[in-house]
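According to TrEMBL, the protein carries these features:
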- 251-349: domain 'CAAX prenyl protease 2/Lysostaphin resistance protein A-like' (DOMAIN)
- 21-41: transmembrane segment (TRANSMEM)
- 47-63: transmembrane segment (TRANSMEM)
- 75-97: transmembrane segment (TRANSMEM)
- 109-131: transmembrane segment (TRANSMEM)
- 138-164: transmembrane segment (TRANSMEM)
- 176-195: transmembrane segment (TRANSMEM)
- 207-227: transmembrane segment (TRANSMEM)
- 286-304: transmembrane segment (TRANSMEM)
- 310-332: transmembrane segment (TRANSMEM)
- 368-390: transmembrane segment (TRANSMEM)
Amino acid sequence: MNNNLEFSYNNRFSANNKDKIYFYLFKAQVIFNTLVIFSYSATTQNLFLFGPLILNLCALYLKNDHKDFISRINYLFQLFFQVFIIAESFHYLIILTTKFYNWLLPSSIGLFLVTMIVMYIPYMIVFFGMIQNKLLQLLIAFFTFDVIAMSALSIVTYGTIIYFHPLIGLLNNSNFLGAITFLTLILLIMNRWDYSWPKITLSKDSNSIILILLIVVGIWFVMWNAFSSGDNLLLSFVHFNFSGVSFKPQHILTGLEAGIAEELLFRYAFLTILLSAFYNYQYRILYASVISSLCFGLIHLGNVTAGQNLANTIIQVIFAFGMGLLMCALYLYSDLFYLPVIFHTLLDTLVFSVSGELMSGKVTIADGIFTILETLVFVIIAITLLISIYKRRNRNYNSGRNVRI
């Protein structure tokens with residue numbers, strides 16, 4: 001009997017498994033990409049592309065199982081190589097066909113966007129469909145978010161005529177298309193791993209008054225976080241300044257990208273997988289919420305590489321952890337996944353409309369203390385909701401209702 005925490009190379013596709021279709025689609029994609037690379041190499045007389053071409057052909061030797069050492073090495077190599085070569089082949093295809101096909105037509109742009117969203121679907125099923133190890137599933141979710149979904153558009157379009165299209169430029173800068181791609185891929189692979197999709201029906205056990213109060217306070221906080229002004233702290237709680245607001249399309253789409261993609265990654269994929277991993281633990285809800293929120297906070301360390309100073313980034317990491325824990329609790333309490341999505345989208349969009357996409361300015365001791373206090377408030381509210389969830393679960397168990405969280 002296989003342990004569900006083991007990664008099995010064998011029997012990846014059963015005899016009647018529909019995943020075989022994805023396996024054949026992937027091989028057809030490999031052949032097509034090989035022809036594109038060969039044509040581009042011949043046209044440009046770039047002999048250096050014969051190396052990637054041959055390596056790409058090795059993907060045809062992927063098997064339904066990986067019993068021998070060579071097959072396993074090929075599988076692991078292709079897992080990373082295909083992420084790049086799928087996007088790069090599309091890049092070559094655009095360059096090859098630009099002379100006789102108008103890629104800037106609205107219909108062409110539409111076709112291009114749809115292709116970008118679906119072109120990694122066979123890859124996802126072939127390489128990740130049978131993974132049962134919870135840690136690997138977490139890594140795959142992050143890999144899909146950071147490497148596949150958020151990087152593909154720039155690889156495909158850079159140096160092509162499409163790169164200069166206003167819509168493509170907007171999608172590149174905001175990563176909104178990456179969010180839609182990630183939504184498609186993460187829902188697909190989570191379903192393949194036998195996890196349920198995000199819940200969107202209000203829990204019958206949630207208290208409507210508490211939920212309304214949380215929503216009202218959440219809306220106030222979103223407004224206060226972006227527009228607060230006044231001569232002192234108390235006045236800033238009720239006085240908002242909207243004079244510097246600038247709702248640019250990029251700010252709106254970037255806010256949507258954060259709300260959709262980051263919530264799917266941390267409040268859906270990470271939280272769901274961690275709840276499953278800690279299934280036999282009494283405090284699995286707390287463990288899953290804290291770990292997913294820590295990961296959510298730590299991902300913001302990447303803003304340092306985008307030019308944000310370290311002090312501002314640390315402030316952002318602390319704030320993100322507290323907010324992430326609150327969003328976990330809100331989702332688990334209400335069973336409404338779109339609530340954290342909406343709050344996260346509004347929070348980022350409104351801040352971007354006022355101060356841009358990166359935090360700037362000198363961080364004072366007061367800023368640090370205030371951020372810690374904010375985070376503590378988030379954590380207290382979150383823990384209160386999580387305790388309510390535990391009590392609700394115990395009541396349901398005592399009454400004979402079988403409820404899984």
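Here the Cβ of each residue, glycine as well, is placed from N, Cα and C on the backbone.
In terms of burial and nearby residues, how do these features look in this structure?
Mean pLDDT for the domain 'CAAX prenyl protease 2/Lysostaphin resistance protein A-like' (251-349) in the predicted structure: 92.
Away from its own ends, the transmembrane segment (21-41) comes close to residues 13, 47, 49-50, 52-53, 56-57, 59-60, 62, 64, 82, 85-86, 88-89, 92-93, 95-96, 119, 121-123, 125-126, 129 of its chain (Cβ-Cβ under 8 Å, at least six residues beyond either end).
Sequence-distant neighbours of the transmembrane segment (138-164) (same chain, 6+ residues past either end, Cβ-Cβ under 8 Å): 83-84, 86-88, 90-91, 94-95, 98, 103-104, 109, 112, 116, 119-120, 124, 128, 131, 171-172, 175, 177-179, 181-182, 185-186, 189, 261, 265, 269-270, 273-274, 295.
Here the transmembrane segment (176-195) has long-range neighbours at 19, 113, 116-118, 120-121, 124-125, 128-129, 131-132, 137, 140-141, 144-145, 148-153, 170, 253-254, 256-257, 260-261, 264-265, 268-269, 272-273, 276, meaning same-chain residues at least 6 beyond its ends whose C-beta is under 8 angstroms from one of its own.
Within the chain carrying the transmembrane segment (286-304), a Cβ under 8 angstroms from the stretch's Cβ atoms is held by residues 142, 262, 266-267, 270-271, 274-275, 277-278, 310, 312-313, 316-318, 320-322, 324-325, 328-329, 332, 358-359, 382, 386, all 6 or more beyond its ends.
Among residues of the same chain six or more beyond the transmembrane segment (310-332), those with a C-beta under 8 A of the stretch's C-beta atoms are 199, 214, 263, 266-267, 271, 285, 288-290, 292-294, 296-301, 303-304, 339-340, 343-344, 347, 358-363, 367-368, 371-372, 374-379, 381-383, 385-386, 389, 405.
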Which residue counts does DSSP give the domain 'CAAX prenyl protease 2/Lysostaphin resistance protein A-like' (251-349) for helix, strand and coil?
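Going by DSSP assignments, the domain 'CAAX prenyl protease 2/Lysostaphin resistance protein A-like' (251-349) contains 85 helix, 1 strand, 13 coil.
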Cβ under 8 Å, sequence separation of at least 6 from the ends of the transmembrane segment (47-63): give me the contacting residues as numbers and ranges.
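Distant Cβ neighbours of the transmembrane segment (47-63) are 26-27, 30-31, 33-34, 37-38, 40-41, 71, 74-75, 77-78, 81-82, 85, 88-89, 126.
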Do any residues of this chain, six or more beyond the ends of the transmembrane segment (207-227), have a C-beta under 8 angstroms from a C-beta of it, and if so which?
236-237, 240-242, 245, 330, 333-334, 339, 343, 346-347, 350-351, 353-354, 381
